[in-house]
């Protein structure tokens, strides 16, 4: 659907070259929700602006449906942009227009007949749950309602792609969840390809099928959501994951390790999370199991669990228990310097 092929964007600033995007190669499949996460200045927003040619790449090509969009004429670009909807952190609504007027605006620009505009806008108002707000102005709406208007406006011309630029960053947690659920509904019912950028890993966790991590203009990690969360390879990705899965060792656990305690990290995935493995080893081996920390989250309908346990007993019995655990779950001894 969308392909970035060795894409770079360089700006000249004060006689120096600034690489906002550097040699990025990515593919976004049709109908998926693809997240791009990174800290401020990572190049996320620049990469998004390249998709609808608000910025042109310095090098490389960008393709949509196997067509190189970097070589399109001005007329062809206008047509392309009708296929791409966009929502923003700051909503970007017209304060002088009603909710109906805001949603109708792109349809008027496209010279859609009035009766069709009315039908389409009413359909979208129902879809986003704002049927009773058609005649309200933006200042009369909450932040979540404004973003719903933004989503409806972005969908007005029936685009194939929806770009989300930090769409939930200005919202409270409860409203963020509501907007993410609405975006999942958009993806599911319209089969829309969604490309979103964020600095919030919990947003990626809730909505994305795949994710790319950017740092200093480069993609440093990319893959399926479950793989990136459960096996992060880079330090930056690990830090993002820890904002959702807190696996830092508490001071009390570190103290136990430093005092000679045998601490192990057990990782469970899928059906493994429901197995009574700790109960089994406690009953069948002469060891005591002390659970120090644990959590379970759901990633794309697959459970992922993380436990820190201390095993106490004779060394021979502990080794037998560990041998059994290795057959059931991923197991790693925690070192004193771990954090």
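Glycine is no exception: its Cβ is also placed from the backbone N, Cα and C atoms.
For reference, Swiss-Prot has these:
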type    : residues                       : note
DOMAIN  : 2-241                          : domain 'ABC transporter'
BINDING : 38, 39, 40, 41, 42, 43, 44, 45 : ATP binding site
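Annotated features, which come from Swiss-Prot, shown on the structure.
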{"residue": "38", "record": "ATP binding site", "contacts (Cβ under 8 Å, 6+ apart)": "44, 197, 199, 213, 214, 215, 236"}
{"residue": "39", "record": "ATP binding site", "contacts (Cβ under 8 Å, 6+ apart)": "199, 215, 236"}
{"residue": "40", "record": "ATP binding site", "contacts (Cβ under 8 Å, 6+ apart)": "199"}
{"residue": "41", "record": "ATP binding site", "contacts (Cβ under 8 Å, 6+ apart)": "216"}
{"residue": "42", "record": "ATP binding site", "contacts (Cβ under 8 Å, 6+ apart)": "214, 215, 216, 217"}
{"residue": "43", "record": "ATP binding site", "contacts (Cβ under 8 Å, 6+ apart)": "9, 20, 21, 22, 24, 214, 216, 217, 218"}
{"residue": "45", "record": "ATP binding site", "contacts (Cβ under 8 Å, 6+ apart)": "165, 197"}
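For the recorded ATP site, residues 38, 39, 40, 41, 42, 43, 44, 45 set the reference point as the centre of their Cβ atoms, and the other residues of that chain within 8 Å of it by Cβ are 197, 199, 214, 215. Over the domain 'ABC transporter' (2-241), the average per-residue pLDDT in this prediction is 95. Residue 44 (ATP binding site) has a Cβ environment of 25 other Cβ atoms inside 10 Å.
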